[in-house]
Amino acid sequence: MANSWWELQIVCDLALEDSIFWRLEQFGCRGTASETKGYSYLVRAYIPQEQVQLLDLAALSLWLRQDALVLGLPIPTTHWHLIDEEDWASSWKAHWQPQEVGDRFLIYPAWLPVPDQSDRFILRLDPGLAFGTGTHATTQLCLEALEMRIDQESHDIVADLGCGSGILSIGAIMLGAEKVYAVDVDPLAVRATRSNRTLNRVNSDRLIVEQGSIDRVMKMIDAPVDGIVCNILAEVIIDLIPQISAITKPTSWGILSGILLDQTKPVADLLEQQGWTIAALWRRQDWCCFNIRRS
Ligand SMILES: C[S@@+](CC[C@H](N)C(=O)[O-])C[C@H]1O[C@@H](n2cnc3c(N)ncnc32)[C@H](O)[C@@H]1O
């Protein structure tokens with residue numbers, strides 16, 4: 001079958017959602033969707049056929065079982081089958097619906113007709129193969145934190161590290177950021193952010209997107225930024241913190257998400273060593289989001 005995808009179906013206890021999403025992301029899954037099935041939860045995830053062997057899928061299933069055992073939760077069942085590209089797109093799209101996030105945003109799948117009126121910012125997205133549909137707690141925490149940080153008067157210049165679909169960059173622009181520098185190591189994320197920029201009619205002078213990480217941002221900017229938003233995993237964030245400090249100024253703020261509850265201490269310790277104040281620590285499910293500032 002040309003351009004085939006593995007569709008993984010995992011039936012699990014609701015409390016396992018976070019650890020399963022984390023495993024699937026680590027494994028390289030490109031799209032995920034979930035729905036409640038009675039007292040259980042059905043997670044669907046997709047990965048290109050050529051990227052994994054059957055043995056890899058068996059190993060993933062084992063990790064998911066072990067995670068559940070460690071957490072003392074019922075063991076999830078994992079099934080997989082091949083589907084073609086067209087079925088992948090329609091299957092995943094059928095499960096993703098518009099969603100209100102925070103007080104200001106309505107995240108809207110690109111393929112649905114836009115409502116005539118809304119008192120929210122309609123953030124249209126086709127994430128393609130990139131992460132960032134707004135359904136994940138870590139993304140929601142960032143959008144809500146951006147609502148608190150940015151307004152039309154603040155004229156903030158922002159860096160979005162690990163932009164995925166571009167959801168946070170576009171959200172920041174809608175709230176009033178003057179300019180956003182967005183980077184991602186994944187070329188598919190860069191492509192998705194650029195096409196979502198067009199979809200939301202954001203000028204390419206205001207949202208500058210390049211492949212890379214914070215060292216790329218250092219080359220893109222001509223002065224330190226006012227704010228940083230970074231929704232990656234704790235291990236990556238820890239590596240990035242010294243460079244984040246280097247591209248910010250004494251009045252800058254930061255929003256760091258994607259950090260599991262039991263990973264907060266090393267992140268907090270390093271931030272404090274680097275002269276950051278932790279203004280607030282928000283939690284949703286097992287995920288935490290640091291709202292930080294320099295002064
Ligand atoms: C959890 S997704 C976040 C996507 C989007 N910002 C959101 O909040 O929904 C993390 C993204 O970071 C990217 N990434 C991982 N390590 C990175 C690094 N060292 N520098 C830049 N991007 C990175 C991944 O490719 C992925 O697109």
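Glycine residues also receive a Cβ, built from the backbone N, Cα and C atoms like all the rest.
Heads up, TrEMBL stuff is auto-annotated, nobody curated it.
Going by what TrEMBL states, the S-adenosyl-L-methionine site holds T139, D184, N231, and the candidate of G102, G162, G254, G275 recorded there is G162. In this structure, N231 (S-adenosyl-L-methionine binding site) is part of a beta strand by DSSP. Cβ neighbour count for N231 (S-adenosyl-L-methionine binding site): 27 (other Cβ atoms within 10 Å of its Cβ, all protein chains included).
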